[in-house]
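Pulled from Swiss-Prot, these are the features on record:
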type: REGION; residues: 105-282; note: region 'Disordered'
type: COMPBIAS; residues: 129-162; note: compositional bias 'Pro residues'
type: COMPBIAS; residues: 164-181; note: compositional bias 'Low complexity'
type: COMPBIAS; residues: 182-195; note: compositional bias 'Pro residues'
type: COMPBIAS; residues: 215-233; note: compositional bias 'Pro residues'
type: REGION; residues: 216-278; note: region 'Triple-helical region'
type: COMPBIAS; residues: 251-263; note: compositional bias 'Low complexity'
type: COMPBIAS; residues: 265-274; note: compositional bias 'Pro residues'
Amino acid sequence: MDLETRIKAYRFVAYSAVAFSVVAVISVCVTLPMVYNYVHHVKRTMHNEITFCKGSAKDIWNEVHALKSLPNSNRTARQAYNDAAVTGGGAQSGSCESCCLPGPPGPAGTPGKPGRPGKPGAPGLPGNPGRPPQQPCEPITPPPCKPCPQGPPGPPGPPGPPGDSGEPGSPGLPGQDAAPGEPGPKGPPGPPGAPGAPGTPGEPGVPAQSEPLIPGEPGPPGEAGPQGPPGSPGQPGADGSPGQPGPKGPNGPDGQPGADGNPGAPGPAGPPGSPGERGICPKYCAIDGGVFFEDGTRR
């Protein structure tokens with residue numbers, strides 16, 4: 001009973017270990033693709049974000065370098081009334097190595113709302129007498145500037161969204177007729193046709209000759225008719241003679257046991273028995289707990 005209990009316990013432990021192992025393997029097979037897909041999605045998103053950030057940083061640095069390399073000719077209007085000469089004017093110095101003009105102006109904005117009329121200003125003081133002009137009335141035409149070389153191409157921008165699906169194409173031209181194929185197999189027979197029209201009536205036959213009547217042979221017997229109704233019951237018969245005696249019946253059940261009889265007379269004396277064995281003295285061995293005899297046997 002103890003061995004069977006141990007076998008059942010070991011069997012339960014083995015089945016439990018196999019079941020947990022199967023569940024663990026199935027869980028790994030299910031969760032590993034999901035984790036890999038999620039990590040791949042995060043990696044792709046981070047790569048797109050880093051690419052976009054790098055592109056934005058490059059655009060900002062290009063704008064900063066472009067602003068640094070712009071000429072100072074746009075400050076002419078601010079220094080028009082100063083005594084100092086206009087700085088950075090490539091047209092005055094006569095050199096056109098770095099006089100790249102700015103790009104064309106952008107499109108005109110929408111006109112603003114008309115402002116409110118201002119108050120009339122106070123009359124100004126009489127001005128000082130003017131000085132004679134020191135420069136000729138006609139401005140000196142500056143030499144034309146050399147066209148600047150085309151800059152290097154900028155970094156590729158981020159991929160744009162997919163375009164709209166195009167319009168469906170026009171249907172193609174009809175194909176040419178193929179060559180006639182080989183004749184097909186013989187078809188199944190068609191349905192039966194409609195019955196034909198009745199034929200024309202035939203000519204009248206030859207009249208029969210009159211002969212004396214001859215009686216024919218008797219026909220075969222007909223089938224048996226249905227069974228008739230049952231007749232009325234007859235008169236009761238006379239009593240028969242007595243039969244032979246029947247066989248002997250089975251034995252009856254056993255009766256109650258009788259009372260014990262008187263004791264019998266004592267029997268004669270039996271034959272004398274065989275002589276007994278020689279007596280021995282047993283010795284006890286304390287090594288294995290056995291009892292040995294002088295004749296060397298162990299009983």
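For all residues, glycine too, the Cβ spot is worked out from N, Cα and C.
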| note | In the same chain, residues at least 6 away from the ends of the compositional bias 'Pro residues' (215-233) whose Cβ sits under 8 Å of its Cβ atoms read none
| task | For the compositional bias 'Pro residues' (215-233), jot down how many residues DSSP puts in helix, in strand and in coil. | result | 0 helix, 0 strand, 19 coil
